[in-house]
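Taken verbatim from TrEMBL:
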COMPBIAS  307-318  compositional bias 'Low complexity'
REGION    305-325  region 'Disordered'
TRANSMEM  37-60  transmembrane segment
TRANSMEM  66-85  transmembrane segment
TRANSMEM  114-138  transmembrane segment
TRANSMEM  169-189  transmembrane segment
TRANSMEM  201-219  transmembrane segment
TRANSMEM  253-274  transmembrane segment
Amino acid sequence: MAESDRKRRSTRNSKMVSSPVVTKMQAIMQKEMVREFLAEFMSTYVMMVFGLGSVAHMVLGEKFGSYLSVNLGFGFGVTMGVHMAGNISGAHMNAALTFTNCALGRMSWKKFPVYILGQFLGSFLASATIYCLFYSAIIQFSGGHLTVTGPTATAGIFATYLPEHMTLWRGFLDEVIVTGILQLCLFAITDKENNPALQGTQALVIGILIVVIGLSLGMNTGYAMNPSRDLPPRFFTFIAGWGIQVFRDRDWWWVPVVAPLLGAYLGAIVYLVFIGSSIPRRPQILENSMKYEDRRIPVLPKTMSNPPTTLTPVSVSPANRPSVRTVPPLSDSIHLEHF
């Protein structure tokens with residue numbers, strides 16, 4: 001009996017201790033910025049695991065992967081990320097898109113570091129996950145020497161590197177244009193005033209967009225288009241054994257960070273100026289028009305087949321005069337489209 005009483009007391013005490021902790025954790029998790037941080041973290045992690053995993057298959061096992069499979073991996077990784085975080089944070093998964101939304105006033109700048117931190121941590125953890133999963137294959141393929149360039153280079157599994165046929169500034173221009181096209185198409189897909197993707201299909205359409213960009217424009221620079229996709233994995237390879245060469249190789253490391261920011265902003269401006277401003281808007285309904293729907297004043301036709309009957313004036317004494325009902329202002333009760 002004494003032992004069972006002790007167990008009951010310990011269980012009761014643990015509940016008393018854990019209950020405030022759980023309540024506090026739940027309160028923290030319900031905060032908007034915390035939820036957005038976790039949404040960006042998880043969606044970026046999923047996108048990068050699928051994307052980097054497909055690159056690992058192409059590099060380490062030729063018969064298991066191809067350039068098409070890499071594009072499909074990143075494309076459908078983005079689709080899964082949008083499904084995961086679309087209604088919470090917007091599923092940016094891309095620092096360039098977050099920067100553009102803040103620069104255009106669509107999102108508060110105070111959220112910028114929250115989104116970027118979530119994206120960078122998700123991308124870094126995804127790199128660590130792929131490294132652990134493919135460690136044996138990486139060591140076997142490279143002979144135990146982790147290199148950035150050469151026939152047994154494996155750093156390209158995690159980050160992009162400039163190929164021999166490209167110069168640094170051509171690569172910069174390429175990233176600006178490719179990221180600009182990405183942002184341009186994203187605005188078209190999600191613009192409800194234009195011809196957006198059908199409700200529920202946006203994630204799939206965005207994933208297809210990534211696949212198409214990779215298949216048509218990915219050869220020159222690996223279509224990074226995203227500082228969150230390139231910089232955290234590069235940091236991981238620096239720590240994991242590839243060394244400082246991941247930053248020194250042709251001084252490329254800063255281009256996938258800076259060029260996408262410029263490209264996304266320019267792509268957004270092009271859409272808003274050339275497409276967004278030319279879209280005809282629906283007729284606006286004056287505020288409060290629905291409040292007085294039963295008391296709207298009808299607009300009479302200009303001609304009538306039967307003339308109105310002449311009414312005889314009736315004098316009404318002040319005592320018997322009916323009370324006057326206040327009619328709302330015309331601006332509150334008439335649709336603009338009536339005119």
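Placed from the backbone N, Cα and C atoms, the Cβ positions cover glycine too.
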Result, the transmembrane segment (253-274) in contact with the transmembrane segment (169-189) (3+ CB pairs under 8 Å): yes
Same-chain residues at least 6 beyond the ends of the transmembrane segment (37-60) whose Cβ lies under 8 Å from its Cβ atoms: 29, 66-67, 69-70, 72-74, 76-78, 80-82, 84-85, 88-89, 91-93, 114-115, 117-119, 121-123, 125-127, 129-130, 133-134, 137-138, 141, 154, 156-158, 228-229, 233
